[in-house]
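Undergrad: Take a look at the following structure, please.
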Amino acid sequence: MSTDDIIKKLTDSIKVTSYIDNELFIKYNVKRGLRNEDHSGVLVGLTTIGDVVGYERQEGGPLKAIPGKLIYRGIDVEDIAESLQKTHRFGFEETVFLLLAGYLPSKEELDSFNELISEQRRIEDMSKFSILQLQGHDIMNILARSVMIMYTFDEEADNTSRENLMKQAVSLIAKFPTIIAYAYHSMRHTYQGRTMAIRHPKDNLSIAENFLYMLKGPDNYTELDARILDMALVLHADHGGGNNSTFTIRVTSSSGTDTYSSVTAAIGSLKGPLHGGANLKVIDMFNHLKEVISDWNNEAEIKEYLLKMLRKEAYNRTGLIYGIGHAVYTISDPRAEILKVMARDLAKEKGREDEFAFLELIEKLGVETFMEFKGNNVNKRVCANVDFYSGFVYEMIGLPKEVFTPIFAMARIAGWMAHRIEELNFDSKRIIRPAYKNVADRKDYVALEQRSRK
Ligand SMILES: CC(=O)SCCNC(=O)CCNC(=O)[C@H](O)C(C)(C)COP(=O)(O)OP(=O)(O)OC[C@H]1O[C@@H](n2cnc3c(N)ncnc32)[C@H](O)[C@@H]1OP(=O)(O)O
Ligand SMILES: O=C([O-])CC(=O)C(=O)O
């Protein structure tokens with residue numbers, strides 16, 4: 001039997017042996033995806049970091065959909081965003097401080113924190129050269145491998161004391177933009193024959209400015225581009241404990257593993273197209289729709305195509321409309337609302353209003369078509385999520401699509417580390433270890449010479 005045949009046999013066999021009747025999930029009251037019948041998440045922990053609000057619990061009754069709210073350490077993210085916009089300040093650094101420390105820094109604390117971030121941005125030569133040697137087209141994958149390389153060069157890598165975790169948090173938050181910019185240039189150099197620009201990070205620049213500087217060079221971005229990126233970082237910095245990547249960091253941290261292993265796992269989770277990777281999928285889907293829809297204002301034509309997508313008859317046949325739907329938000333995702341305004345303003349400035357109008361129509365019709373398609377099978381509302389407009393915004397400030405999901409990681413590393421520190425420090429901590437009911441039939445062991453399978 002050839003090795004190809006054995007792969008085919010293994011694959012054919014799991015079609016049968018991995019089949020589990022849907023009814024069994026109901027019989028054993030399994031919370032698929034750790035979700036209750038009403039789509040709310042199963043409560044698995046307590047946190048004081050991010051709060052994600054999409055519905056209200058009515059006593060004895062169903063959930064009531066409400067406009068979404070995102071709260072960082074008790075503070076409404078919309079208030080943070082509004083203050084930053086009014087005062088034309090960069091705000092990611094103070095958001096990171098807020099998430100890590102639990103309170104907003106004073107001016108003096110923020111200045112010292114910025115200095116600390118500045119000091120930590122550089123990657124020592126040994127790890128830099130190892131990172132630059134990593135091959136591959138996917139920056140999320142290179143980021144994950146770079147984080148594992150950092151383990152090698154951290155003498156205190158396995159130390160999970162509070163102080164060491166905080167040091168590692170600052171180091172990772174400061175270094176992610178550097179790694180992502182270097183990985184992008186290295187990838188372009190290797191696969192696209194372009195010049196490799198490895199710029200040293202600069203002191204006195206915000207994280208957003210520094211990233212644009214390292215990625216694009218000093219004269220290729222504007223202050224407005226940097227402020228838009230900064231806002232995107234603020235909006236992506238945390239999303240409570242239940243989102244897939246943060247839950248991943250909480251699960252892995254609960255085993256006591258090191259920071260680098262835990263962060264690598266979270267990067268892998270975020271890359272998924274149902275999570276952070278959706279920002280890339282939305283742009284891909286949007287480009288596809290730009291081509292196949294002949295009239296961008298024809299609601300009937302767009303709706304018919306979206307329906308085909310939901311029926312798995314068109315686009316990538318997954319049945320998904322990317323950027324639509326959320327595990328918690330129902331009426332709105334506050335981050336998507338802010339990004340949408342930014343997208344509209346930028347589109348006006350860049351002469352891309354037709355594209356913005358088309359994307360906005362896809363949002364409206366995507367929600368409508370989804371609700372019609374699902375009918376009574378889905379008892380919750382859907383809305384555009386954070387990934388719906390972010391890619392379009394990044395594109396308009398001249399960022400390549402390869403860094404869209406890495407930018408999400410560059411922001412979320414703050415939330416991940418805050419949650420890791422919380423997971424490892426609360427008094428009644430316990431390894432996360434839920435249960436799986438085995439529903440397979442028991443069989444006798446058969447000696448090798450007596451097995452007769454074809
Ligand atoms: C940063 C972030 O992670 S934001 C999310 C980014 N992801 C995307 O944009 C991908 C598209 N969206 C989705 O796949 C989903 O909405 C998710 C993964 C975000 C949330 O999934 P769930 O929590 O299962 O959503 P929910 O409970 O509301 O789903 C109800 C049903 O609608 C389906 N559904 C939800 N959103 C969509 C969508 N955009 N397109 C098609 N079907 C969808 C679900 O698969 C589920 O189907 P089922 O009842 O047959 O199992
Ligand atoms: O909360 C979620 O499930 C996904 C999400 O929006 C995020 O992580 O930002």
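Glycine residues also receive a Cβ, built from the backbone N, Cα and C atoms like all the rest.
Pasting the relevant annotations from TrEMBL:
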ACT_SITE  H326  active site
ACT_SITE  D387  active site
Undergrad: Give me the non-local Cβ neighbours of D387 (active site): same chain, 6+ apart in sequence, Cβ-Cβ under 8 Å, ordered along the sequence.
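TA: Set apart from D387 (active site) by at least 6 residues yet with Cβ under 8 Å, we have G276, A278, N279, K281, V282, Y322, G323.
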Undergrad: Going along the chain, which residues six or more apart from H326 (active site) have their CB under 8 A from its CB?
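TA: In sequence order, the residues whose Cβ lies under 8 Å from that of H326 (active site) (at least 6 apart) are G54, G68, D333, V382, C383, N385.
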Undergrad: Based on DSSP, name the secondary structure state of D387 (active site): helix, strand or coil.
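TA: DSSP assigns D387 (active site) to helix.
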